[in-house]
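Database features (TrEMBL):
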| type | residues | note |
| --- | --- | --- |
| DOMAIN | 84-166 | domain 'PA' |
| SIGNAL | 1-23 | signal peptide |
| TRANSMEM | 190-212 | transmembrane segment |
| TRANSMEM | 251-269 | transmembrane segment |
| TRANSMEM | 275-298 | transmembrane segment |
| TRANSMEM | 319-337 | transmembrane segment |
| TRANSMEM | 343-363 | transmembrane segment |
| TRANSMEM | 370-393 | transmembrane segment |
| TRANSMEM | 430-449 | transmembrane segment |
| TRANSMEM | 461-484 | transmembrane segment |
| TRANSMEM | 490-508 | transmembrane segment |
Amino acid sequence: MAMARRMATFICLFVVGLSFAAAGDVTLDDDDSSPNIPGCNNKLQLVKVKNWVDNVEGESFAGLTARFGLPLPSDAAKAFKLPAVLSNPLNCCSTASKLSGSIALSMRGDCAFTTKAEVAQAAGAAALVVINDEEDLYKMVCSENDTSLNISIPVLMIPKSRGDALNKSIADKQRVELLLYAPNRPDVDFAVIFLWMMAVGTIIAAALWSLLTSEQTDERYNELSPKESSNLEAVKDDSEKEVLDITAKGAIVFVIVASTFLVLLYFFMSSWFVWLLVVLFCIGGIEGMHNIIVTLVLSKCRNCGRKTVHLPLLDEVSVLSLVVLLFCVVFAVVWAVRRQASYSWVGQDILGICLMITVLQMARLPNIKVASVLLCCAFVYDIFWVFVSPLIFHESVMIAVARGDNSSGESIPMLLRIPRLFDPWGGYDMIGFGDILFPGLLICFAFRYDKENKKGVVKGYFLWLIIGYGFGLFLTYLGLYLMNGHGQPALLYLVPCTLGLTVILGLARGELKHLWDYSREPSSDMNRPVEA
């Protein structure tokens with residue numbers, strides 16, 4: 001069991017490099033500034049594109065209107081379903097074939113967006129849909145050469161993958177029809193509140209979990225004879241060995257390895273690679289769920305784990321442990337098979353929360369010095385791969401990896417996610433494991449520090465760091481709102497609200513030096529249950 005727990009810890013720490021929160025599946029790239037001229041001052045609107053191929057409705061997707069053109073209705077009942085045709089030429093930069101009563105599909109490039117719109121309008125198109133050459137939606141604005149425009153058809157852009165799929169259907173002589181409308185999108189979805197509660201609750205549960213395991217150990221210790229007590233001490237020693245103490249050097253190496261792994265994911269993202277991550281995630285999730293369930297059962301029924309059976313290779317195994325293990329395996333396998341179903345987020349969140357609680361029990365920070373190295377490195381790492389990487393890779397590596405493989409619809413599972421309840425475009429609000437585990441390590445240290453030094457709730461650090469973490473997460477989602485759904489490096493907000501708060505409180509209380517070089521006294525470990 002110790003080996004399995006170490007593997008779960010290693011798996012989660014290895015893939016925890018994905019560390020960002022996202023509130024939108026659609027991002028709007030490039031500056032929206034443009035000359036303020038007549039006919040080119042429309043408000044940008046997200047468009048819901050419903051599509052049918054040979055009268056079979058497909059999955060709706062999002063587009064983005066231009067600064068110019070006719071606004072779309074906000075109600076689908078007021079929109080018209082029209083056939084989609086490819087413009088000829090495909091770039092729609094010169095006189096196009098007759099497009100009367102149709103929605104023209106054009107590829108991006110070779111001429112200005114306004115030129116494409118004027119050509120499509122002259123050919124009789126009812127609307128123009130420009131297919132982007134990448135997945136992000138570009139803001140179509142006017143140029144300085146435009147003096148005034150009279151474009152009276154809707155103009156919008158759709159992602160490359162969606163446009164390629166429509167192109168393929170038309171090339172296969174299938175009838176493609178589109179319905180375009182721009183429903184009003186809520187500024188904030190209540191899913192964010194539930195995601196906030198899951199993240200904060202996971203850290204609180206992980207910190208308090210040691211109390212539950214300590215009580216079980218104390219009860220068993222009191223019931224045993226002196227001979228059996230010595231055996232329990234051996235078990236305690238084994239448990240202590242299972243704990244992974246993070247060092248300053250290890251923290252730096254981890255961030256370097258996480259960056260390397262993130263780049264590999266970016267360049268080699270494919271369905272088989274995602275499947276490898278799914279398998280690793282399931283292994284860690286099974287171990288985490290097994291640990292949680294067995295601990296909870298034993299807390300209510302101390303005698304439930306005493307019945308054992310002999311199995312080949314495994315020797316003596318608790319019946320309770322075996323039954324729970326089989327249940328966890330079945331749960332993980334069913335989730336893996338059905339992970340693209342609309343309800344799969346429930347299983348993913350359960351496995352992820354169990355895994356993170358277990359990892360926060362197995363890995364720990366010894367003092368604030370190591371915490372500062374780890375969180376400061378993670379702080380820089382998160383900002384670099386979200387905000388700086390587009391200057392090198394032309395898109396945010398962190399966000400691209402979080403979206404997964406668009407061609408196969410696969411996405412990585414190292415996220416907590418919850419569907420948006422009132423967003424007409426659907427999608428999920430997400431938070432990476434790293435945004436929970438990195439601050440969680442510090443908060444769990446604060447809980448152990450308060451307990452070992454007999455600090456009260458108010459005079460301790462745990463309560464204040466939980467409040468700081470919750471506030472930092474709130475700032476993250478506020479940033480998402482102000483940045484129009486752009487993925488945010490959550491550690492940009494979480495590290496100052498946790499590590500920064502710890503340093504401020506330590507200075508104010510005159511305890512920073514003790515926190516900085518803190519180590520548990522050997523004598524205090526003699527009669528205290530292990531708190532991992």
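Using the three backbone atoms N, Cα and C, a Cβ is placed for every residue, glycine included.
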Do the transmembrane segment (370-393) and the transmembrane segment (490-508) come close, with at least three CB pairs under 8 A (pairs 6 or more apart in sequence)?
yes
Would you confirm whether the transmembrane segment (190-212) and the transmembrane segment (430-449) meet the contact rule of 3 or more C-beta pairs below 8 angstroms, pairs 6 or more apart in sequence?
yes
Using a Cβ cut-off under 8 Å, which residues of the same chain at least 6 positions beyond either end of the transmembrane segment (490-508) come close to it?
19-21, 368, 371-372, 375-376, 378-379, 381-383, 431-432, 434-435, 438-439, 442-443, 446, 461, 464-465, 468-469, 471-473, 475-476, 479, 514-516
The domain 'PA' (84-166), counted residue by residue under DSSP: helix, strand, coil:
17 helix, 19 strand, 47 coil
Long-range neighbours of the transmembrane segment (319-337), counting only residues six or more past its ends (CB under 8 A):
278-279, 282, 285-286, 289-290, 293-294, 297-298, 304-305, 307-309, 311, 344, 347-348, 350-351
